[in-house]
Amino acid sequence: MPAALSAFWLLLAAAFLAALLLELLPALCGGPRPGLFQDLIRYGKTKSGCEQRPAWLRLLDVPKRWFSHFYILSVVWNGFLLLLLIQALFLARPFPIWLQDLLSALGGASQNQDVGDKHLSALLVLMLLWLHSFRRLIECLCISVFSSGVLHIVQYCFGLGYYIVIGLTVLCRVPANVSNGEDFFMQICWYHTLGIMMYIWASVHQHRCHVILANLRKSKSGKVVNLSHSIPFGGWFERVSCPHYFAELLIYVSMAITFGFQNFTWWLVVMYVLFNQALAAVLCHEFYVNRFSCYPTHRKAFIPFLF
C-alpha cells in the first residue's frame, strides 16, 4: 500500500470533512466563520453571495473560467502517464528513471510485487480518468457559460496539483518492471465491466446536468442571452441542487470498483471527493435557498433523499 499517498489523501479527506462540519455545525465554534476560511472554501456564485470581501482578498482572485486549465493539465499530464503505461505494458519499455524514483518515493508497488490483474485495472482507471478530464475540458470550452465568478488563487493552485497527483496515485499500483501485454486481456474481470458501466452511466448524467445549467443562460438557438443565476430543472436536478457533484462522486466510485474494490488508497480518494463535493454542494444549496424564495423545498443538497 502506498503509505505516503494514503496519508496524503487521508489528510485531505479529514481537512474537507472538518470544513464541512464547520459549515453544518456553526454552533460548535460559536459565531460566523472567519473571512479567510470562507474565501478558501467558496468559489463562483457561492463566493459572490458572501458579504463584501476585503480588497486584499479580492487581489487573490482568478476567473472561475480558469477551471479549464485543470482539465488541460490533466489531459496532457495524465495522457502522458497513460502513454508511458501503455508502452510499458505492451512494448516492455520500463518507466523513465525519474518516474520510477518518484513513484518509489510516493510508496509505489515494488518491482517484485505480484500485482495480478492490477496491471489492467490501473490501465483502465487511467484511461477513464483521462476520458473524464477530456470530456470536462470540452464541456468547459464548448458548453458551459461562465459569468464573472472567481476562485481563490490557492484553490486554483490546489486544483492544478490535484490532477498531477491523481494520475500518480493510479500508477503507484503498477510495479516499475511491468511486463508486456501477453495474455493481458485474460485479466478482465466482472468488476472491470461493472466499473466501466457505472462510469458511463454517471458521466452521461453529469454531462446532462452541465447542459441543463448552460441552457439556463442560452436561448433556444444556443446564443448566450444572460449571465444570471436561475433555478435548474430536469433530470437529477429534480432531487438535488447539485447532481453534477453527486455524479462526480459516482464516477470516482466507479473507478474504485474498476480497481476491484481492493485499492485502499483509491477509497481514500473517494472519501476526499465525497467531502469535497459535499461541501461545495452545501454552499451551493445555501445560495439557491437564500436567493430564491420559491426554491423547491424537497430538494436535497447532494445525495438524493439523504443529504
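Placement of Cβ uses the backbone N, Cα and C atoms for every residue, glycine included.
Listed in TrEMBL:
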- 1-19: signal peptide (SIGNAL)
- 70-92: transmembrane segment (TRANSMEM)
- 137-164: transmembrane segment (TRANSMEM)
- 184-202: transmembrane segment (TRANSMEM)
- 190-307: domain '3-oxo-5-alpha-steroid 4-dehydrogenase C-terminal' (DOMAIN)
- 249-275: transmembrane segment (TRANSMEM)
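DSSP places the residues of the domain '3-oxo-5-alpha-steroid 4-dehydrogenase C-terminal' (190-307) in helix, strand and coil in these numbers: 74 helix, 4 strand, 40 coil. Mean pLDDT for the domain '3-oxo-5-alpha-steroid 4-dehydrogenase C-terminal' (190-307) in this predicted model: 95.
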